[in-house]
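Among the features that TrEMBL reports, ATP binding site is placed at G95, V96, T97, S98, S99, G100, K101, T102. Taken from TrEMBL, the feature compositional bias 'Basic and acidic residues' applies to 434-469. Among the features that TrEMBL reports, domain 'Kinesin motor' is placed at 6-332. Residues annotated as region 'Disordered' in TrEMBL: 434-476.
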Amino acid sequence: MAHLSRIKIAARLRPRINGEIDDDSVKVIHSAGSSATHGSFVSVVNPRDTTQIFKFPFTSCYDQSAPQDHIFNNDVKPMIDVVFQGVTVTIFAYGVTSSGKTHTMQGTREEPGIIPRTLQSMFSRASLSARHAQLSMSYMEIYKDEVYDLLVDRDNAPKLPVRENEQGKVFVANLTTESITDFTEFDAIYARATKRRSVGATNLNRASSRSHAILSIHVLVPDSAHGKTLIGKINLVDLAGSENNKLTGNDPSRMAESAAINKSLSVLGQVVHALNLNQPRIPYRNSKLTRILQDALGGSSVGLLVCNLAPGVKFRQDTLNTLNFAVRTKNIENKPVVNEQDDRPALRPYKLAAKVAPPAVAGPSRPRPSMVPVPRAPRTSALGSLAGFQPFIAPPIEPKIEEQERLGGLRAGLTEDEIDARIAKAVEREVARRLEERERQREKEERERLSHQQDNQRTRSKSPKKEDISLPSGVLTPMLKRHKDLDDEVRARLETIEDKLHVIFLTVFNASAANLTGIIPGIANPASTSQPTCVHQYPRKNSGEHTLLLRGRTLKRETFKPLSTFIAKQRLTFPTTSS
Ligand SMILES: Nc1ncnc2c1ncn2[C@@H]1O[C@H](COP(=O)(O)OP(=O)(O)OP(=O)(O)O)[C@@H](O)[C@H]1O
């Protein structure tokens, strides 16, 4: 079973900038003997009661003096090991505008942030490894809920669609991926791409990011000893700042951007909330941001959320919002998996049909399949514990029959018994699948039939009232006759029953079927060649009436009009059979 991994939270309080007034409303406290990663917490003075303090303990808390390398070494570096084991890691910076997200992720030339340090570390790891890991990158931004490729010129950048593959993994279609061989190459591409990112000045931050930026570094680590390649990925996400329009002084066009930013962040909050409550429906689809980050939120990746905080009473409410979001996020549980691709050569299709219907005369030996390498589907397996990361590789999932055929058949090196067992299993599964499919189809047809029937009844009950409540006297079913005030729906139902059974109830005075046959010309359906027969007759108490149940293939209520008219006119009186 996959191990659960909670999203790790790091809080970072930035120093004062541009003559901001500092006060004690937000502080990072390291209790005696504690470090950033142990026993520290963020304290915020309660805005409603300044004698109270809210405490927010997180895995890591960094104060204003914390250098960039401190954060990287404590929280990010251990995750790079995980990426090289074939796991997806997502690190995202969250916080209000100007709280230091870009500084933390990107940093400056003098103080490089998480992104450049991660790349340097990955390249040095790749070059040290004898396994020749290959790195590549993609970089996108989400601006006003549309996705753009930052690796192509903005003029040519179309809006990219977000799709889902057969395994339910969400991806951005047509996003460029460039291979990168060293840090210098990465840095040149990244610098060019970052210039394309949508930024604009607000009162709080002259270079405010107006979009969410997601940089993904993919790594392929061949493992020839086991005939596979591990597929790792790290997503480095610099979210746009959650905005307080009173503080940012946005003009109308900025307000529209701001609304889109706030909406996607609010959906992010809703997703986190729904995950916390274990709700059956998580609103990932309500914004592109959450859709793309789906795997990092309750999915199969490992996550780190860096909460950036701005100091001072001016930002206190935003700080509390950010910290409350972090508290909810830290309860989210992911189930990390190892992504890998099987590189072992597969075989040409083994004649499955021959196995399903074995040859009449079994020969002493069967033909050995020839070895022809074909591409294999990537697979995932459950991740073991993250601490001391020992991935557990689940046994390969057996492909379906069609898949086996597509992949080129059964694997080399299997004994005949193993091949037999696999074929038997595959056939068994296929039969079960078809039975299930048939059952589903049957249920579907039944549902359609019922709904069709209900529609019919609704239509009938809505159709204008037939003049004939006044159906010719004696041709109404006993119920209809007894209850003249029957509502349309019951009437319609009775008529449906009559139609279906090819029967009609005929009420006559003082007469039975035997008396009527041959005496009343209309007993035979005048419009039909088939004679209706009387299948039952019910003498009615103390009334002299008989109700006859007539049955005939082409029986129609209208065709009895002449008969009923005849009866009505003649006021016939016959002896009843019972008398
Ligand atoms: N830890 C830090 N040390 C020194 N300066 C910092 C630190 N954090 C942030 N700053 C400075 O604060 C300012 C705002 O930071 P930054 O641009 O990173 O904020 P942001 O959260 O990314 O804002 P936005 O959401 O508007 O993009 C910048 O001038 C940055 O250099």
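Placement of Cβ uses the backbone N, Cα and C atoms for every residue, glycine included.
Annotated features taken from TrEMBL, shown on the structure.
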{"residue": "G95", "record": "ATP binding site", "Cβ contacts under 8 Å, 6 or more apart": "K101, L239, G241, S242, C307, N308, L309, A310, D318, T322"}
{"residue": "S99", "record": "ATP binding site", "Cβ contacts under 8 Å, 6 or more apart": "R14, G241, N308, L309, A310, F315, D318, T322"}
{"residue": "G100", "record": "ATP binding site", "Cβ contacts under 8 Å, 6 or more apart": "R12, R14, N308, L309, A310"}
Other CB atoms, at most 10 A from the CB of S98 (ATP binding site): 26
Cβ neighbour count (within 10 Å, all chains shown) around K101 (ATP binding site): 27
Per DSSP, three-state class assigned to S99 (ATP binding site): coil
